Amino acid sequence: MEQELSPFDHLRDLLDQVLIWLGSDLFAYASLAQFAVIALSLGLSWLLARALRKLLGGVHLEVPILARIAPFFSPLTVPAFALLLIATAGVVAEEFNLPTYLFDIATSLLTAWLVIRFAVNFIRSQALRRLVASVAWLIAALNIVGLLDPITRTLGAARFSVGDVSISLLSIINGLLAFFLLIWLALAASRLLENRVDALSDVNPSARELVKKLARIALVILAVMIALNATGIDLTALAVFSGALGVGLGFGLQKVVANFVSGVILLMDRSIKPGDVIETQGTYGWINHLGARYTSIITRDGTEFLVPNEDMITQSVINWSFSDRRVRRKIPISVSYECDLRKAMSLMEQAAHDIHRVLKSPAPAARLMGFGDNGVDLELRLWIEDPQSGVVNVASEVMLAIWDAFHEEGIDFPFPQRVVHFANDMPMAAPQSVQAEDADLEQDPALDAGKKS
């Protein structure tokens, strides 16, 4: 039985063949002719691709589907035309029994270029795109020079055991490639599903978020299971290990798990949902996103707070739009005792009625709350239905309108004042310190001498 050559033996034989070819056939007529045909094919392909882009430049702007796919297929035109021309030249050369080894290498390289360029167009990340392209080019180069099969056999023969499981280096590499590919596909499918779910406007926002999270988790778990199976590992052998791993992760990632479970609970009981206007821990804003670990809250000034989901359950949360988006605001107002209270209350109601954000039904209502030390305490009660637009700004508009109305009608705002009464029948006694100073002055002879002089 003939012994199989190792990858190093194949590489040595390949280098010997290349050196022989460089010494004898590099400047042969057949080689120069193939180089010329390949160069002409590449130049002609570039011209054809440029002409095609100019021809379709104005058309794809009018057809939406072409405008969407044109950037995707535009980088593939040059290698596609070159592959077509060089493959045709190779077929013609074979018909006339001419050498085609350079045509075969160029065809393999162009095929790899076309496939790799087509595949990486689906990847958005530039770093991941470069990594995938580099690995694909390495595999294509090994396949072209004939080293892929011997390297694959060598990696498959290198095995080691973990308990009862025997794993080869080839299976580990296949598992890693399958893992990254399947995870990428799972996340891409998850994003596509999320876009579809977001388009369902008749579904509750909490239900949409819950479906998106469960779908992403299920797809990622499925991708991991398939990747482990691709390595040749029996999944039943990992039952004990996975149990111990789960206990370890439960202790080590306790907060992460708590936030994740809290997020699922928030979505299921629908206590808060995207779009709700809430106030928690001194933060007022509307919920932008419910993540697996945190809740994103955007305030009125554009600041985005990331609050852990666990805090949204354990801390007090004011949901301004939980069951009804209508919110009542109370604005305290004080007027002086000399003014007409009924007129002041009517002006307050009319001022609030003129603000466009204040609801006309229920109508604004002014109430007498009490008699204070400095003035009469009134309170204006009004309703709004857009708390996401702010509740302080509408109160400011109403108070400014009340200020203008009161000044036009001569109604005064009170200010702190105190009245002090002095009893006329009781002489005011000087403090003891002042009396002591007067006694000292009377007994001082120096002062007496000064007075006489």
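Using the three backbone atoms N, Cα and C, a Cβ is placed for every residue, glycine included.
Whatever TrEMBL says is automated annotation, not expert-curated.
Quick look at what TrEMBL annotates:
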type	residues	note
DOMAIN	213-254	domain 'Mechanosensitive ion channel transmembrane helices 2/3'
DOMAIN	256-321	domain 'Mechanosensitive ion channel MscS'
DOMAIN	331-413	domain 'Mechanosensitive ion channel MscS C-terminal'
REGION	432-453	region 'Disordered'
TRANSMEM	26-48	transmembrane segment
TRANSMEM	69-92	transmembrane segment
TRANSMEM	98-119	transmembrane segment
TRANSMEM	131-148	transmembrane segment
TRANSMEM	168-193	transmembrane segment
TRANSMEM	214-233	transmembrane segment
TRANSMEM	239-267	transmembrane segment
Task: Contact set, same chain, for the transmembrane segment (214-233): CB under 8 Å, 6 or more residues outside the stretch - done: 165, 167-168, 171-172, 174-175, 178-179, 182-183, 185-187, 189-190, 193-194, 197
Task: Residue counts (helix, strand, coil, in that order) that DSSP gives for the domain 'Mechanosensitive ion channel MscS C-terminal' (331-413) - done: 34 helix, 21 strand, 28 coil
Open item on the list: If I take every residue in the domain 'Mechanosensitive ion channel MscS' (256-321) and average their pLDDT values, what number comes out?
Closed with: 83
TODO: By DSSP assignment, list the helix, strand and coil residue numbers for the domain 'Mechanosensitive ion channel MscS' (256-321), in that order.
DONE: 20 helix, 25 strand, 21 coil
